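Q: One structure, as structure tokens, below. Some questions next.
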Amino acid sequence: MALTRFERFLGRLLRAVVWMLFAVFKLFAPQQRHGGVSRLPSITNPLLLLPAMQLARKIRRKEVTSVEVVQAYIDRIQEVNPLINAMVKDRFSAALQEAAQVDKLIEEETGGEDVLEDRLPLLGVPITVKEAFALQGMPNSTGLMTRKDLVSGIDAPSVALLKRAGAIPLGVTNCSELCMWLESHNHLYGITNNPYNLERIAGGSSGGEGSILGAGASVIGIGSDIGGSIRIPCFFNGIFGHKPSVGIVSNDGQYPPASGLQMGFLTTGPMCRYAEDLIPMLSIMGGPDAQKLSLSAEVDLKKLRFYSVPHNGGSPLVSPVDVELLQAQKMVVKRIEADLGVKVQELFIPQLKYSFQIWGTMMSSPGKDGKLPTTFAELLSEGGKKVWPIWELFKWCLGFSSHTLAAIGLASFEMFQSSHPSPFILQQKDNLQQELEKLLGTDGVLLYPPHPHIAPTHHYPIFTPFNFSYTGIFNILGLPVTQCPLGLSSEGLPLGVQIVAGKLQDRLCLATALYLEKAFGGWRDPGKTTGKP
């Protein structure tokens, strides 16, 4: 659907205003200091270059000890975390003790490797966890100053399942304040940097997790996603991530809890550097419900129907898609057609133009019980005085607010939202839902950009707040999506694509991600990248 002359004018005007506001903001914003370091050191320990499942196999076969693997990751974290600020609290001593117990268990096991693989598929493998999830003995503040002294006494169900499978948590990673922004920044832990360029954002809200993985300082991790909080950090940090079909992985044990209709949009899923770890992680995290996905069923990519949607149709609220991202998606299309002998159909879906309006409308809608969801201002007030957004903005300008500008902006935006959903937007949502479900069915895969921009500079998303709608729309539709890296841009920053499938057809996008990893190389060591530092 072509843009009207007014829409084109409005889009150009908004982009011009954004650049001017950001230029002014940079004059007053505090500058990041990295001690003269422009990039991360490259990885030297070969254990850090193996997928989690291969590490588990080597540990079971006594080719390497769990202590050696855990120590290798501790060393890498200590090397890079001062630069990226991704891990906010470690449990290194406890992790090494648990690794020693794993090695002892393997020495004493008489049932053989197969028994261990069946019972404990991740035995001895280190893992990191987004701080928003409960991990026993670790903080669970979600970047909120009023929760700074809170320590979890239990594990979130998804964390517990991974630990039960033998994984050893190394610590918790940074997130945006209350998990509702696409830059991981809060006044409790500070700001997280992108491992490929320390001046760029790591994404949010699972940005600490994305950064620690992208830096090669973790191999697998846990994230949550209600508007792109797994996929955006995975894209910006050049790793894999999966937003599962709704209802497969438990969302319990994370803060803040979803309310209203939001409970049907929030998902918990795996983040990792290697595509082969996605299916085992999802199988473990889903527990008995993972059976609904038939993840062990073989997928013949040559029998799938592929579609490519290059952009959302040109919403004036959203930035145009970067040329290098468009080119990368075209390369994927050409490679699929050449390798698989299938025709990838390019589509333009007009309802995607309203992605942000659809997401905002559904997120603020009452639940089945008729109750409205908890407002962001109410969440900010947790454990303290009521937060008044305008007053908080005034305090921020004077340097006295305990909240980030992004969080204050979200709370302020809520004040102007209508409590009456637009019938037009609801109709667009229903039309889009029906069209995509019919299009994808049980054998369709759709390629779609993960974000209009390659990882932007720090704080820039404050001036382009609606760009997350490229990911958020699939939360509302309840479709599974895998984020897949596609090499690096001319500046040495990760490129990527979203791979979307029909409900409960997660195995299709996961199989496509495995194929694209082989075709495009997957994750790259940020210490060896070329391009501008």
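Cβ coordinates are placed from backbone N, Cα and C, and glycine is handled just like the others.
Predicted automatically and left uncurated, TrEMBL annotations should be read as such.
Okay, so TrEMBL annotates it like this:
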DOMAIN    68-510  domain 'Amidase'
ACT_SITE  K130  active site, charge relay system
ACT_SITE  S205  active site, charge relay system
ACT_SITE  S229  active site, acyl-ester intermediate
Q: Using all protein chains shown, find which of the active-site residues S205, S229 scores highest when you count other CB atoms within 10 A of its CB.
A: S229
Q: Ten-angstrom check, please: count other Cβ atoms within 10 Å of the Cβ of K130 (active site, charge relay system), all chains counted.
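A: The answer is 31 other Cβ atoms.
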Q: Expressed to the nearest Å, what is the distance separating S229 (active site, acyl-ester intermediate) and S205 (active site, charge relay system) at their Cα atoms?
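A: Approximately 5 Å lies between the Cα of S229 (active site, acyl-ester intermediate) and that of S205 (active site, charge relay system).
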Q: Given K130 (active site, charge relay system) and S205 (active site, charge relay system), what distance in Å do their CA atoms have, once rounded to a whole number?
A: 9
